[in-house]
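**Student:** Have a look at this one before I ask anything.
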Amino acid sequence: MSEKINTKPFILHSDFRPSGDQPQAIEKLAENLTDGLAHQTLLGVTGSGKTFTIANVIAQLNRPAMLLAPNKTLAAQLYAEMKAFFPENAVEYFVSYYDYYQPEAYVPSSDTFIEKDASINDQIEQMRLSATKSFLERRDTIVVASVSAIYGLGDPDSYLQMMLHLQQGAIIDQRQILAKLAELQYTRNDQAFQRGTFRVRGEIIDIFPAESDDRAVRIELFDDEIERLSLFDPLTGSSFGAVPRFTIYPKTHYVTPRERILDAIENIKKELVSRREYFIKEHKLLEEQRISQRTQFDIEMMNELGYCSGIENYSRYLSGRNEGEPPPTLFDYMPPDAILIIDESHVTVPQIGGMYRGDRSRKETLVEYGFRLPSALDNRPLRFEEFERLAPQTIYVSATPGAYELEKSGSEIIDQVVRPTGLLDPLIEIRPVSIQVDDLLSEARQRADKNERVLVTTLTKKMAEDLTDYLDEHGIRVRYLHSDIDTVERVEIIRDLRLGEFDVLVGINLLREGLDIPEVSLVAILDADKEGFLRSERSLIQTIGRAARNLNGKAILYADSITKSMEKAITETNRRREKQTKYNEEHGIVPQALNKKVGELLDIGQGANQKAKANKQRGKMAAEPTALYNAPKNAKEYQQQIKKLEQQMYKFAQDLEFEKAAAIRDQLHQLREQFVFDN
């Protein structure tokens, strides 16, 4: 944890070597990045090992990287995979740290003001702080992030100014250290030593860094000199050895030097005067009173405490930006030569473009009715054109790239169509709509007899429900996956499908990325000739691809005519299948079924209670730590259980029962990891 940049190389751990289309994809991607190409696309089919390809590119070029995923679930999967590939390097996780978030809003029609309400998850906050620290300190850093990365973060210049640099032999007064820690928003707690706190015992100061999970630093002073710096386990007190120097980072990204706060207050006062004059001129006296009262209260809080509720709304002044300038984000912490990888780019890119507009609409109402100053509009996510300017060299990764990625990449579309397993894209059949229900019933029975699974996608909720009832009445074990089901329950349903609890899964939009089930040998697309979002070329290719992990994969499209989208999807699937077949023949490869155990593919996002249930269904009961048998169902229950275990752990530590405390710490690690993936 030196102040100098750590230049350790990436070391990739894997039992496999690149095969299929992976070697040429790795070579081409790396070559383009070395040549300075700004945009390229990895067009990788389902099951072709796109993440492994990207990991090889990062290791080969030895450059820091950010992986953007469209949601927390996929971000967690990528994080777990990258951690497995690079156990010796810094693989970090950066997603929204809110368990619950209700932004402030005003509804003019009913004159209703909704206060901001939020619950911050300490574990995710620690991981976010660790991510920015790794970017600032280490070259061997991979940060897996959600679209949260384009939202405003503390100004990196202020953040770096506030750091406390400690060095053995340095002359520094104990009071200076304590005052600096208070500036960094650390709190003194001599009883409960927790993340973001420090304690003092004579001339020894112990600090538990905000970004650390299991290491604290001890400062041993001799008069006004730092005699020794060492790292230790904050729970057991066991030492990890001395270090020559250590840097303490602020407890939050939003920490601001006192001088900057005082400057900001003066600018806020000037804007308040201007806004009051505007409201009086427009005869909006209620709004004038409202903005005066709220802003003056915030100013007083900032003056006395250094922060206020909703301080992010004054971020323009706190970061010293001009009106309309982009807010500082995670991109400002990235090294200039970092690589950006946008996973499932056909979903992620449109998300990035849509964030700004929704946020702007809500804030304009708050400004218009006197709840916020106009400068609050600059507390926002990046606009798409700002994101484009800030983004470093970019690789778009998708099985179905969007028009934007294809246009940006030009001719640099790298195909990764051949799978290492030799599996082919599914065969496609077109059958008439008039027989779709009865034909599907017959196909489902055939697949169930072979212990294979079926995915069925319909156009409407009612049709999905009716079809589920019909199949159920005719003896088919069937479940219906709908939009009200949360992520954890969704993973449990998929797990039950894989385990053979039922044979057919019906849904409206089953193309969601990550729904890869090797046991599925048939995908049935009802009313495939109805043009629209759910039957577009991209949606059809994604849905057909759900059967691509099975040796007997087939897709049946029920249609009375062939639409342009169907034609393009069929042509593309056949192109891939021909290329895969030719490669297999040339290299003597026999397609192999994907025989991964259920646990291997679905450990992420699954609670321990589901694990126990699955083991029981297989006639076994695994011994899990006691605390995890009744796994929490939601974020609130997780927090309660974590706090309860922490209290027990600290109690054992105070009573010097370190073995018991360490056992509970292991349970906490498991529970926190499970929480990250479940949420």
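Including glycine, each Cβ sits where the backbone N, Cα and C put it.
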**Student:** Taking 97-120, 145-168, 649-672 as the choices, which stretch does Swiss-Prot tie to motif 'Beta-hairpin'?
**Tutor:** 97-120
**Student:** By Cβ count within 10 Å, point out the most packed of the binding-site residues listed: Ser48, Thr51.
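**Tutor:** Within the set of binding-site residues, the most crowded position is Ser48.
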**Student:** Hey, does DSSP put Val45 (ATP binding site) in a helix, a strand, or just coil?
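**Tutor:** For Val45 (ATP binding site) - judged by DSSP and reduced to three states - the answer is coil.
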**Student:** Under DSSP, is Thr51 (ATP binding site) part of a helix or a strand, or is it coil?
**Tutor:** helix
**Student:** Same-chain residues six or more away whose CB lies under 8 A from the CB of Val45 (ATP binding site)?
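**Tutor:** Result: Ala399, Gln416, Val417, Arg419, Asp425, Gly545, Ala548, Arg576.
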**Student:** List every residue in the same chain as Gly49 (ATP binding site), at least 6 positions away in sequence, whose Cβ is under 8 Å from its Cβ.
**Tutor:** Gly20, Gln22, Gln416, Arg419, Pro420
**Student:** Counting every protein chain present, what is the number of Cβ atoms, excluding its own, within 10 Å of the Cβ of Thr46 (ATP binding site)?
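**Tutor:** Around Thr46 (ATP binding site), other Cβ atoms within 10 Å: 20.
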**Student:** Express the predicted model's confidence over the domain 'UVR' (639-674) as a mean pLDDT, rounded to an integer.
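**Tutor:** On average, pLDDT over the domain 'UVR' (639-674) sits at 74.
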